[in-house]
C-alpha cells in the first residue's frame, strides 16, 4: 500500500510539473491583460540594438481610464534603477524621462503618432485602440524597460495589450532575440556539432577499450556525461530555433536542456572524484565509508541545483536583469564546487603517494581539472560583478560551453588506448577484477587485490596476436630452424660405440 501510494503521489507530482512547464512560455511577443489598482506598473523589458531595434504595440482600453501612457526607461543609473523598487510617486517616476526623446507615449487620440483611435468593434464600443511602432537610437545596445502609467487615475490601470520587440526585422538570426542573446543559437549549434564528433570518437575509443578488456566504469561515466551534454544542447537548439521563428517558445524545452547540462556536469564531477580516489586505476572498489561520503555529497549537489532552478522561476524579479547564479542557491553551488575541488586535490595527492608510477597521469589530471573546478566560481563571480548586463548571457554561454567541451576532450585524450599515450591510466583489465574476489567476497592477500592493484605504470595497449612459434614448433617465425629450447642435463652420460666389422679372412673361411 505504501508503494502504491508513493507511486500515485509521484505520478501526480510529475503531472503537475508538466502542467506548470506547459503553462510557462518565454517570448518577446507578449500579450495579455493588465488590471491593477496602482497607477504605475512594470510590463516587460528587452535589450534593443541601436537603430535596428523596434518596439511595436497594439493596445486597447476603456476611455474612462485615459490617458494611460507607455513609459520607456533605459538602463542608466538615473533611469530604471532610480525608479524601480523605490518609494517614489508616479509623477516622480515619470519625471526622470525626457519626453522630446520619445520616452513617453501618450495613448490618446490627440497625441501625434500615438496611433490611437476609437475602436470600431461594436463589442468594444467606448474603447480606444492604439497601434504604432518605435525604433531606438543609442550609443550601444541597451536594456529598455517598459512600464504603464496614469498618474491622474483614481481607478488604477486597465488595458489589453500585444507587444512585439525585435532586433533587425529581416534577419531571422537576430529578429526576436534580445541583444544579450544574439549568437546564442549559432554558438549552441557549433558546439552541438563538436560534441557529436567527440561522441562518435568516444564510441570508437569505447570499442577499442572493450576489445582490450579495459572498458572500466569510470570511462562509462565519461561517456554518459558526453551523451547528456549532447542531449541538453539538442533541446536548447530546438528551443532557440522555435524562438527565432515565432518569437515565443515553451520554457519546458529550455528547462530540459539546462537540467541535462547540469546532470552532465554532475557526472563529470563524480568521475573526477572517483578517478582521484584511484577507482579503476589503483583499486577495484572504494571503501563503504568513502562511497557513502560521495553519495551524500552528490545528493546535496543535486538538491542545491533543484533549489537553484526553482528559485529562478519563483523568486527572480522580471524587472531586474539577473544571472541564474545571483541567488543563495547559486552561491551554494560555488561553495560545493570549491569543496569538491579540495576533495579532488586531497585524493589525487594521496593516490600519487601510494602509486608514484602513476604520477604522469595524475599530475596532468590535477593541473587540468583544477582549472575546471575553479573556473565555475571564477566565471560566476566575474559575470555577477564585472561583465556588463547587455552582453552577459551570450558571453557566458560561449565561455561555459568552451570549458565544458575542453574538460571532456581532455579526458578523451588522457584515456586514448595508444602506445604513444604514456598517461594511459588503466593497467588492470576488467576480466581480472572479478577473479580477484574470492567466493566469500574477501580479497586475496598480497599486493594484487581488488582493494589494491599491483604497481604498474600502464597497461599494454593491444594484445600480442603473433603466436610463439618457437614454443609451439621449435622454429622461428621466419621459417628458419631454431636451436632446441630444452636440454637434458641429468643422468650418466653413456657412450655408444659402433661395432667393428669382422676381418675379411674370417668371413671367407665361413663361406667355405
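The backbone N, Cα and C atoms fix where each Cβ goes, and this holds for glycine too.
Computed from a predicted structure; not experimentally measured.
Annotation source TrEMBL lists domain 'GPR180-like N-terminal' at 30-161.
Annotated transmembrane segment per TrEMBL: 182-200 (among others), in sequence order. Residues of the same chain lying 6 or more positions beyond the ends of the transmembrane segment (182-200) and with a Cβ under 8 Å from any Cβ of it are 167, 173-174, 226-227, 229-230, 233-234, 236-237, 240-241, 244, 393-394, 397-398, 401, 405, 408-409, 412.
Look at TrEMBL and you will find 191-411 tagged as domain 'GPR180/TMEM145 transmembrane'.
Summarising the annotation, TrEMBL assigns transmembrane segment to 220-242 (among others). Sequence-distant contacts of the transmembrane segment (220-242) (same chain, six or more residues past either end, CB-CB distance under 8 Å): 184-185, 188-189, 191-192, 195-196, 198-199, 202-203, 206, 248-250, 253-254, 256-261, 263-265, 267-268, 270-271, 274, 401, 404-405, 408, 411-412, 415.
TrEMBL lists 262-280 (among others) with the feature transmembrane segment.
Under 8 Å from some Cβ of the transmembrane segment (292-311) lie the Cβ atoms of residues 255, 258-259, 262, 266, 269-270, 273-274, 286, 324-325, 327-330, 332-333, 336, 339-340, 343, all in the same chain and six or more residues away from its ends. The annotation transmembrane segment is assigned in TrEMBL to 292-311 (among others).
If you look at the transmembrane segment (331-353), the same-chain residues 6 or more away from its ends with a CB under 8 A from one of its CBs are 269, 272-273, 276-278, 281-282, 297, 300-301, 304-305, 307-308, 325, 359, 362-363, 365-366, 369-370, 373-374, 376-377, 380-381. The transmembrane segment feature in TrEMBL is assigned to 331-353 (among others).
Look at TrEMBL and you will find 365-387 (among others) tagged as transmembrane segment.
Taken from TrEMBL, the feature transmembrane segment applies to 399-415 (among others). Listed as Cβ neighbours of the transmembrane segment (399-415) (distance under 8 Å, sequence separation of 6 or more from its ends, same chain) are residues 187-188, 191, 194-195, 198, 201-202, 205, 209, 219, 222, 225-226, 229, 233, 261, 264-265, 268, 271, 361, 364-365, 368-369, 372, 375-376, 379, 421, 423-426.
Beyond its flanks by at least six residues, the transmembrane segment (262-280) meets 216-218, 221-222, 224-226, 228-229, 232, 286, 290, 294, 297-298, 301-302, 305, 340, 343-344, 347-348, 351, 354-355, 362, 365, 369, 373, 404, 407-408, 411, 425-426, 428 of its own chain at Cβ-Cβ distances under 8 Å. For the domain 'GPR180-like N-terminal' (30-161), the DSSP-based tally of helix, strand and coil residues reads 19 helix, 62 strand, 51 coil.
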